[in-house]
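Record features, source Swiss-Prot:
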REGION    1-21  region 'Disordered'
REGION    173-469  region 'Required for nuclear import'
REGION    180-205  region 'Disordered'
REGION    238-268  region 'Disordered'
DNA_BIND  267-342  DNA-binding region
ZN_FING   270-290  zinc finger
REGION    271-357  region 'Required for binding NBRE-containing DNA'
REGION    302-364  region 'Required for the interaction with RXRA'
ZN_FING   306-330  zinc finger
MOD_RES   Ser344  phosphoserine
REGION    345-364  region 'Disordered'
MOD_RES   Ser354  phosphoserine
DOMAIN    363-598  domain 'NR LBD'
REGION    524-547  region 'Binds lipopolysaccharide'
REGION    587-598  region 'AF-2'
Amino acid sequence: MPCIQAQYGTPATSPGPRDHLTGDPLALEFGKPTMDLASPETAPAAPATLPSFSTFMDGYTGEFDTFLYQLPGTTQPCSSACSSASSTSSSSSSATSPASASFKFEDFQVYGCYPGTLSGPLDETLSSSGSEYYGSPCSAPSPSTPNFQPSQLSPWDGSFGHFSPSQTYEGLWAWTEQLPKASSGPPPPPTFFSFSPPTGPSPSLAQSSLKLFPPPATHQLGEGESYSMPAAFPGLAPTSPNRDTSGILDAPVTSTKSRSGASGGSEGRCAVCGDNASCQHYGVRTCEGCKGFFKRTVQKSAKYICLANKDCPVDKRRRNRCQFCRFQKCLAVGMVKEVVRTDSLKGRRGRLPSKPKQPPDASPTNLLTSLIRAHLDSGPSTAKLDYSKFQELVLPRFGKEDAGDVQQFYDLLSGSLDVIRKWAEKIPGFIELCPGDQDLLLESAFLELFILRLAYRSKPGEGKLIFCSGLVLHQLQCARGFGDWIDNILAFSRSLHSLGVDVPAFACLSALVLITDRHGLQDPRRVEELQNRIASCLKEHMATVAGDPQPASCLSRLLGKLPELRTLCTQGLQRIFCLKLEDLVPPPPIVDKIFMDTLSF
């Protein structure tokens, strides 16, 4: 089959004008080609033709491979022009070469015109130098002609990638400028090599003429533009006897920038395994498989072991072989563990929330926090203390109490009961008890809690008593209503402050006073479980605050205040009994009920 090579690209700048060149089509037929190129030394009116190929290769009956040669002129060197031809017959018909033709076979610097038995330099160029054959001057070594100086080729870039021509047009244009003009008409439009089909019966190759018409205009490919091969040039792909290039012209020829953008790098690929990835997960573009693997590993705090050298390949096919190396690569590419939601924050779309195995405040830390919050919410703040009734100078306490003093005593007790009830409801686990046990625990521990909380808030050194409502009274102001009981409360307050009890420890101690075993409980087991949890919380806190050698002694001294507290509770019941006997003011129903319920014990 005949094979014609045509290469397109940005030609180098010509040193002279080229607007007089003609653009006649070039006819290609299946036969031996002759070249109707005039010699620079012949007369302009009668251009002579070049010798036929049969003259050069007389006696050779094989096939001609693709060749690339340079034609030197007599006045200036010519660059190489790219052509190709093949012959299927060994006919000896050849065109007659005039005597004035100055071309000899020795003057051709052959780059790729060898019989079929020789290895073609074109194949070597394609395999060694890549795109240099198509996009830049041929750099492969070639046989040299004696006494012939090759033209110096200046490097220039080809804009059409693999279809860029060699830079042999420059010398060819300069050489053809000396040819006579074929016509006096206007210059032809910019065109590439054009090959016209035969108009008649197919003659022999010796009868078909080969005419070269370089483009007069410079065609450059702008950045970001892409061109496809024109449909008017079918079969003009660079070919080789050993290569199949029938589908080259079917695909568009794009610029270097567009080709590099199409091949895309790693965009759209998983950074871990290279699979398809649509978006970013945990800070890195990953596939759904690696996203789920990373999330499960972080949520479960999974630990993996590599059975190899901790350098296992992680790709789409082998990503499940070593979980250790896969997780390490997830971290190496930048996936962030802190972004993964924990179990408590996981979305539960489409599912009913499962019942927790234990209450959310089951841990000692959460329980201690809840106890501290309940204690702070039930007490008055320092900014809201009421000093409106506070008096340091009062009459001596000798004499009998009046109704006003008794009423004040009852009001302080009943007011404290409401605050203590609200505080107890905020203790984790208390409201889960049955209502009967809740009331029993409150009524049994009411006086103890009243004394303990009053002693902790008061300032015994200044003689100030701070009640739960924020009311501040002096010790002498409470002497007639409370009697000797108030002196014992202040003494207990001094001993409690001497221990240096902090708020967390006091919050746990107050809860233990309320949550304890009482006679008549309906569900004592649940009360005991809640008591053990609070005791463990207090023990852990004391161990943290006091240190290793001190926690046992500090805890025992703190719990040693509970018997003193029960003694003070008994004294308070006795005071209520005395005031009830005097019958100056009837006691409130809740106080009377508490008193009557404790008499039987």
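Along the chain as shown, residues are numbered 1 onward.
Placement of Cβ uses the backbone N, Cα and C atoms for every residue, glycine included.
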Intrachain residues whose Cβ lies under 8 Å of the region 'AF-2' (587-598), provided they are six or more past its termini: 410, 413-414, 417, 443-444, 446-447, 573, 576-577, 579-580
Intrachain neighbours beyond the zinc finger (306-330), with Cβ under 8 angstroms and 6 or more residues off its ends: 270, 272-275, 284, 286, 289-290, 293-294, 297
Residues of the DNA-binding region (267-342) by DSSP state, where helix covers H, G and I: 26 helix, 8 strand, 42 coil
Secondary structure composition of the region 'Binds lipopolysaccharide' (524-547) [DSSP: H/G/I, E/B, coil]: 23 helix, 0 strand, 1 coil
Helix, strand and coil totals (DSSP H, G, I; E, B; other) for the region 'AF-2' (587-598): 10 helix, 0 strand, 2 coil
